[in-house]
Every structure is written in structure tokens, then in C-alpha cells.
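Participant: Mind looking over this structure? Questions follow.
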Amino acid sequence: MLSRREQLYQQPWKERKFQDHRSKVKSALPAIDDRAPASRPHVVTKLKKVQREMDRKTKIQNENFSLLQRLSAIMKVNRLDNHWTKPLPNFQHKVGQFYDVNSLNTRLASRYADSVQESYHSGVKCYACELKKMVGI
């Protein structure tokens with residue numbers, strides 16, 4: 001503990017120091033730093049992650065290109081080993097599979113020609129054509 005004399009001796013300096021402190025407190029302005037901390041680009045970008053993503057994309061592109069080449073090669077080659085010149089036999093055609101195709105075609109063609117000639121005048125609405133039909137020209 002200090003004696004009374006030492007306290008009186010130190011009192012002016014303590015008061016002056018206190019007054020200086022009070023004046024500094026009164027003159028202080030508010031200074032709050034509301035900015036974001038400085039960003040560090042080597043931490044933000046994560047170069048390893050970017051590199052892995054680029055490697056993944058190039059791998060996918062290479063695989064897609066190779067698959068596309070394989071598909072184009074498959075599409076170029078005709079792998080059909082049984083070329084049917086006539087329609088495949090189903091239930092309706094199994095019976096007629098052993099018929100003579102040429103004779104069947106000639107009979108069908110003659111039927112079709114007869115039906116075409118008959119149906120030619122059946123739906124005529126033109127007066128000139130009807131006149132020819134009546135006269136028999």
C-alpha cells in the first residue's frame with residue numbers, strides 16, 4: 001500500500017492520464033468492419049476438384065465417341081443371314097406356300113383386270129361418258 005504522501009505525489013499524473021483516456025473515448029468514432037474476410041483464391045477454386053471434373057468429362061466424351069463409332073460400324077454391316085424374297089409365311093400363307101406362284105399371279109391378274117373394266121363405268125357422272133355408255137361406243 002502506498003502512503004498518503006505517495007498518493008498525493010502520484011494523483012496529478014493519474015488524473016491527467018484518466019482525463020486523456022476520457023477524451024479519447026469521447027472522440028472515438030464507431031468503426032465496425034462488416035466486410036467479408038479476404039478470399040484466398042487457392043482455397044476457393046479447389047483445383048483438384050476442377051481437374052477431376054475435367055478428367056471425368058474427357059473420359060465420358062471418349063467413351064461416347066467410341067460407342068458412336070461402334071454403332072456406325074454396326075449400322076453399316078448388314079447382318080441378316082436369311083434374305084426372304086417373298087413375305088414370311090404366317091398362318092394364312094402356310095397353306096399356299098407350296099402353290100405355283102406364277103399360275104396364281106396370272107389368275108389374280110385376270111380377275112383384277114375384269115373387275116377394273118367393270119368398275120370403270122359404274123361410278124361415271126360425266127354426261128359425255130354416260131352417252132358413250134348408252135350408245136355403246
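In case you wondered, yes, glycine gets a Cβ from its N, Cα and C as well.
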Participant: Among the residue ranges 29-51, 98-120, I'd like the one that TrEMBL describes as region 'Disordered'.
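Facilitator: Checking TrEMBL against the ranges 29-51, 98-120, the region 'Disordered' one is 29-51.
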Participant: What does the DSSP secondary structure composition of the region 'Disordered' (29-51) look like, as residue counts for helix, strand and coil?
Facilitator: 9 helix, 0 strand, 14 coil
